[in-house]
């Protein structure tokens, strides 16, 4: 009995396989016999049976044109064309070949595009409820308080949108990093320029100070030389006058005793006049040296003391004679 049951099951299995093979072979033959035009028409019929509605005369759905998906599917009130354009028509700027013009324009466009995408993401995030409410009012055919709630189909995340966001975020970070590097380079250049300018000013100040010191030192040496020369001239003049006075005194001593007293008085008067004259000349010479020569105060005091001692010595010698 068991063998009979097994044989019956095996026969049924073989008959099923034969039947399925006979069904598949005509289908394959039919597919092979179909021409490419029939295949295109069949695909067109399948595309027309898509959940995205085709609404002639309406504005095309931008989300569908961009991503090939629409979150509202059959409830969307925009048109969903059966054939999406592969490339959108874009006008080429005439300045695109000029690098100096094209790069700033591209930067501005990229920033505006980033802001636009951010606004779209914000609108999608915060405007879904209002949009669903508007769609429900238009297609429910009822009042707002009695309209049916429309829940959108499952939202598939487009990987291209994620890649676009990641690319814009990377470009933004690169732009920030580039701006930071440029700011650091500008700061370093400014510091270098400030350092060079400071060194130049310090060099000029040092040069001016050195020139002033050299000028003061030169004036001091000239004053010392002038003072020494004046001392030498005064010494020679004093020796000459002393020699003349000694000669006159010797002559007076050699004169006979019968000379009258008037001659001696005249001689003393002449000596007094000569002493006063020498004193006046020494005072004038001192006044001339004082404003013209710039030398330390110690040297000036020493010169005054020497002149005073010289005048006093002349007075003593004159009165002794």
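Glycine is no exception: its Cβ is also placed from the backbone N, Cα and C atoms.
The coiled coil annotation in Swiss-Prot covers 164-290 and rests on sequence analysis. Taking the coiled coil (164-290) as a whole, pLDDT averages 83 in the prediction.
Among the features that Swiss-Prot reports, compositional bias 'Basic and acidic residues' is placed at 10-29 (among others).
Shown for the compositional bias 'Basic and acidic residues' (181-224): DSSP residue counts in helix, strand and coil, namely 44 helix, 0 strand, 0 coil. Taken from Swiss-Prot, the feature compositional bias 'Basic and acidic residues' applies to 181-224 (among others).
Residues or ranges marked as compositional bias 'Basic and acidic residues' in Swiss-Prot: 231-244 (among others).
Taken from Swiss-Prot, the feature region 'Disordered' covers 1-59 (among others).
According to Swiss-Prot, the feature region 'Disordered' maps to 181-269 (among others).
As annotated by Swiss-Prot, zinc finger applies to 55-83, with the evidence given as sequence analysis.
Across the compositional bias 'Basic and acidic residues' (231-244), the DSSP tally of helix, strand and coil residues reads 14 helix, 0 strand, 0 coil.
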